[in-house]
Amino acid sequence: MEEKYSSNVMSSGRLGPVDAPESRLTRYIVLLCFTKFLKALGIFESYDLLKVVHIVQFIFILKLGSTCFMVLFQKPFSSGKSITKRQWVSIVKHAFVSCIISLLWFFGLTLCGPLRTLLLFEHSDIVVISLLTVLFTGSGGGPSKTRGAAFFIIAVICLLLFDNDDLMAKIAEHPEGHHDSALTHFLYRAFFLLGVADHKGGVLLLVLALCFNVGFHTASRKLSLDIGGAKRLQALSHLVSVIILSPWVIILSATTESKIESWSALIMPFMTVIFSVMIMDFYVESVCSVKMEPSKCARYGSFLIFASALLLGNFWTHPITDQLRAMNKPAHQLHTEHVLSGGVVVSAIFFILSAQILASSSRKGQRGTLVGYSPEGTPLYNFMGDALHNTSPSMPRFLKDSLKQILEEYDSRQIFYFLCLNLAFTFVEIFYGVWTNSLGLLSDGFHMLFDCSALVMGLIAALMTRWKATRIFSYGYGRVEILSGFINGLFLVVIAFFVFIEAVARIYDPPDINTDMLTPVSVGGLIVNLVGICAFSHAHSHGAARGGCPSHDHGHSHHGHGHSHGHNHGHSHSDHGHNHGHTHNHGHSHGSAGVGMNANMRGVFSHVLADTLGSVGVIVSTILIRQFGWLIADPLCSLFIAVLIFGSVLPLLKDACQVILLRIPQETEKGINIALEKISNLDGLISYRDPHFWRHSASLVAGTIHVQVMSDVVEQRIIQQVTSLLKDAGVNNLTVQVEKEAYFQHMSGLSTGFQDVLIMTKQMDTIKYYKDGTYIM
């Protein structure tokens with residue numbers, strides 16, 4: 001039997017079509033790689049051609065060249081069934097929409113350049129459909145697809161905000177009041193009314209064209225089936241497009257002055273673009289989609305064309321490429337037009353990652369849970385649980401639910417409101433800095449934006465602490481707030497250290513400081529931070545013990561079992577020992593256990609306090625510099641602030657480290673010791689061993705203890721007494737294990753190792769005698 005029909009298909013964890021061997025796909029991958037590189041080269045050449053050829057004439061020539069080739073080789077009129085009148089109407093509509101999308105595509109190319117056009121427009125339909133599915137439906141495909149959608153959005157944002165594309169070249173290319181045609185004038189006017197720059201408008205235009213193109217391809221599938229195939233439809237559509245564009249091209253040729261000195265010099269560039277962009281890419285991608293999985297073809301194709309775009313973007317403006325191009329260009333444009341920037345490189349990385357994730361196949365083999373066997377002995381599996389577990393909500397629904405949870409709880413609500421206030425002030429400061437060209441305002445604005453990361457971390461931690469416990473995280477996520485506070489504390493220590501080092505260096509050589517905008521910025525920041533001080537002061541004063549913000553981290557008890565089988569072993573996991581099989585305690589403890597340490601809120605408060613001290617220091621140093629010219633005041637204030645920040649964050653780090661290291665809570669340590677003394681005096685209890693107590697979160701103190709009791713003692717009564725004593729001491733999640741002599745004898749019989757038998761024997765000896773030496777029968 002062949003391998004693809006063997007039992008390994010079942011054991012591989014996936015049912016369905018068997019993939020072709022990688023050796024057979026290598027030729028198609030190499031062909032796809034070569035084709036995508038040629039297409040990227042053709043797009044770069046198209047950008048050069050569009051500088052001298054009108055966009056409508058350019059599209060007309062591309063459609064005409066591809067029509068001649070496809071009509072000659074496809075023979076759409078002689079092959080296949082005859083086309084009806086209704087189908088011809090659909091073909092005309094198809095051609096018209098294709099012309100519109102081509103206009104948007106190539107106009108975006110003139111605005112953004114070839115590299116950015118390839119990054120934005122050359123995405124497979126699978127990638128875009130997966131992206132839209134994640135954003136607007138509830139069946140997004142899991143966390144990986146959501147992560148891919150987030151990467152795609154981040155990539156577009158990087159192009160919009162962090163890609164400093166050429167400004168002077170754009171001004172020289174289309175000065176105000178002059179445009180090549182009514183079409184370009186209309187689009188430039190639209191960008192002006194929207195208030196966006198041409199580069200950013202080109203990015204948005206290409207994203208819009210990409211969505212239109214995917215919808216256009218999806219709607220064309222039924223028509224291609226009716227016509228007789230996608231290749232026949234493409235040939236007829238290009239032919240009709242040439243007919244539609246012909247009157248427009250004739251009018252443009254008669255009414256506008258041409259920039260082209262000799263059309264013969266453009267024959268080879270146009271042939272290159274027609275062959276690489278319009279013909280070869282269409283045919284090769286059609287073949288590869290059939291021979292390979294569409295998702296695999298999309299992943300390889302996206303990576304190859306993006307990598308080719310980065311490679312050509314780095315070398316296309318190099319003087320060596322003058323030998324590769326057929327057109328003459330001014331020398332000063334070789335290094336100014338759409339060059340590589342940090343923003344576009346980061347964007348390309350995120351586009352590659354998003355394409356790999358979104359194009360991955362969501363068809364996975366389900367791993368079922370063994371639930372038993374049939375009467376014939378066949379194993380039975382349950383797949384429904386995993387299927388339900390792997391479903392995830394869409395991004396808008398997830399954000400809506402998260403916002404609802406944030407606003408329900410006091411601490412997260414306070415962090416969210418202050419984060420919004422801080423972000424508003426930050427963006428106002430950045431906007432005013434850009435408007436006034438103030439580097440000081442811009443640097444302080446981005447500094448505050450960086451500080452908002454601490455608030456975001458605190459907000460996420462406050463939200464995660466309310467997540468329900470899972471099979472993997474059985475204690476829940478309450479300790480996330482401890483981790484958040486610890487990270488914020490370490491972050492502040494690093495800041496204080498670098499501020500201290502810089503302040504010491506500036507004491508010996510105080511620099512000149514421009515104080516023009518320092519005072520209003522510092523006063524505004526001080527007002528914002530004082531609001532945060534008032535909002536988070538309760539976190540610094542008494543942690544999580546606040547009547548207005550009760551903790552939602554309930555102390556769930558585990559199951560309490562009192563066994564009195566042949567070996568008389570009592571074993572219980574209980575929160576308070578009721579005399580029945582299973583007990584659960586969901587009540588809040590308002591005793592000493594409720595006074596927990598909310599390290600997350602303390603970390604947020606420490607960050608706000610550090611910013612407040614910074615604003616005060618800037619105000620004081622500004623006054624001293626203006627009034628007395630004391631330049632040394634700035635490093636002295638910074639030195640003082642660094643010491644204060646370090647001193648204020650040390651208690652937070654100390655408490656967080658104690659919780660992480662599972663120390664007995666200080667506020668319950670004395671009560672636990674008293675409770676242990678009372679436990680040792682209980683009737684019927686001989687001794688106890690292995691007492692472990694630790695703080696899990698702000699409202700949960702957990703513990704375990706083993707108690708040795710006499711043979712005639714009722715286990716549940718001992719469990720109830722021990723649990724009650726430790727609960728009063730502040731332990732609200734307790735596990736009690738009751739041990740009798742028969743249990744040790746049973747374990748000694750089962751043990752085969754010498755050390756195990758020795759330990760059990762010693763434990764039996766401690767059980768047989770009271771503290772006064774009386775022997776127990």
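Any Cβ shown, glycine's included, is placed from N, Cα and C.
As annotated by Swiss-Prot, transmembrane segment applies to 29-49 (among others), with the evidence given as sequence analysis.
For 53-73 (among others), the entry in Swiss-Prot reads transmembrane segment, with the evidence type sequence analysis.
Counting only same-chain residues 6+ beyond the ends of the transmembrane segment (95-115), those with a CB under 8 A from a CB of the stretch are 40, 43-44, 46-47, 50, 55-56, 58-59, 62-63, 121, 165, 183-184, 187, 198-199, 201-203, 205-206, 208-209, 212-213, 216, 236-241, 244-245, 309-310, 312-313, 316, 337-338, 340, 344. Annotated transmembrane segment per Swiss-Prot: 95-115 (among others), in sequence order, evidence recorded as sequence analysis.
As annotated by Swiss-Prot, transmembrane segment applies to 149-169 (among others).
Positions annotated as topological domain 'Lumenal' by Swiss-Prot: 170-189 (among others).
Annotation source Swiss-Prot lists transmembrane segment at 235-255 (among others). Tertiary neighbourhood of the transmembrane segment (235-255): same-chain residues 54, 56-57, 59-60, 63-64, 66-67, 70-71, 74, 76, 83, 91-92, 94-96, 98-99, 181, 227, selected by CB-CB distance under 8 Å and a gap of 6+ residues from either end.
The feature topological domain 'Lumenal' is assigned by Swiss-Prot to 256-263 (among others), with a curator's inference given as support.
Residues annotated as topological domain 'Lumenal' in Swiss-Prot, with a curator's inference given as evidence: 321-338 (among others). Over the topological domain 'Lumenal' (321-338) the predicted model carries a mean pLDDT of 45.
Packing against the transmembrane segment (339-359) from elsewhere in the chain are residues 115-116, 119, 123-124, 126-127, 130-131, 134, 144-145, 147-149, 151-152, 154-156, 158-159, 161-166, 295, 298-299, 302-303, 306-307, 309-310, 313-314, 317: each is 6 or more residues past its ends and has a CB under 8 Å from a CB in it. The transmembrane segment annotation in Swiss-Prot covers 339-359 (among others).
What Swiss-Prot records for 415-435 (among others) is transmembrane segment, and it gives sequence analysis as the kind of evidence. For the transmembrane segment (415-435), the list of distant contacts is 406-407, 441-442, 444-446, 448-449, 451-452, 455-456, 458-459, 462, 521, 524-525, 528, 531-532, 535-536, 601, 604, 608: same-chain residues at least six beyond its ends, Cβ to Cβ under 8 Å.
The topological domain 'Lumenal' feature in Swiss-Prot is assigned to 436-444 (among others).
Per Swiss-Prot, transmembrane segment is recorded for 445-465 (among others).
The Zn(2+) binding site feature in Swiss-Prot is assigned to His447, Asp451, His607, Asp611. Counting Cβ atoms from all protein chains shown, Asp611 (Zn(2+) binding site) has 22 others lying within 10 Å of its own Cβ. For the recorded site, Asp611 (Zn(2+) binding site), the DSSP three-state label reads helix.
Annotated transmembrane segment per Swiss-Prot: 485-505 (among others), in sequence order, evidence recorded as sequence analysis.
Residues annotated as topological domain 'Lumenal' in Swiss-Prot: 506-516 (among others).
The transmembrane segment feature in Swiss-Prot is assigned to 517-537 (among others). Within its own chain, the transmembrane segment (517-537) is flanked in space by residues 414, 417-418, 421-422, 425, 429, 436, 438, 440-441, 444, 448, 601, 604-605, 608-609, 611-612, 614-616, 618-619, 622, which lie at least six positions past its ends and keep a Cβ under 8 Å from the stretch.
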Tertiary contacts of the transmembrane segment (630-650), as residues 6+ beyond its ends and Cβ separation under 8 Å: 489, 492-493, 495-497, 499-500, 502-507, 510-513, 606, 609-610, 613-614, 616-618, 620-621, 624
Packing count at His607 (Zn(2+) binding site) (other Cβ atoms within 10 Å of its Cβ): 27
Remote residues contacting the transmembrane segment (445-465) - C-beta distance under 8 A, at least 6 residues beyond either end: 402, 405-406, 409, 411-412, 415-416, 418-419, 422-423, 425-427, 429-430, 433, 476-478, 480-481, 483-485, 487-488, 491, 525, 552-553, 600-601, 603-604, 607, 611, 697
Within the topological domain 'Lumenal' (256-263), residues counted as helix, strand or coil by DSSP: 1 helix, 0 strand, 7 coil
Residues of the parent chain within Cβ reach of the transmembrane segment (29-49), under 8 Å, 6 or more residues beyond its termini: 58, 106, 109-110, 113-114, 117-118, 122, 266, 269-270, 272-273, 275-277, 280-281, 284-285, 287-288, 292, 297, 300-301, 304-305, 308-309, 312, 316, 325, 327, 329
Long-range environment of the transmembrane segment (53-73) - Cβ separation under 8 angstroms, sequence gap at least 6: 46, 99, 102-103, 106-107, 110, 180-181, 183-184, 231, 234-235, 238-239, 241-242, 245-246, 248-249, 252-253, 256, 259-260, 266, 270-271, 273-274, 277-279
Cβ neighbour count (within 10 Å, all chains shown) around Asp451 (Zn(2+) binding site): 20
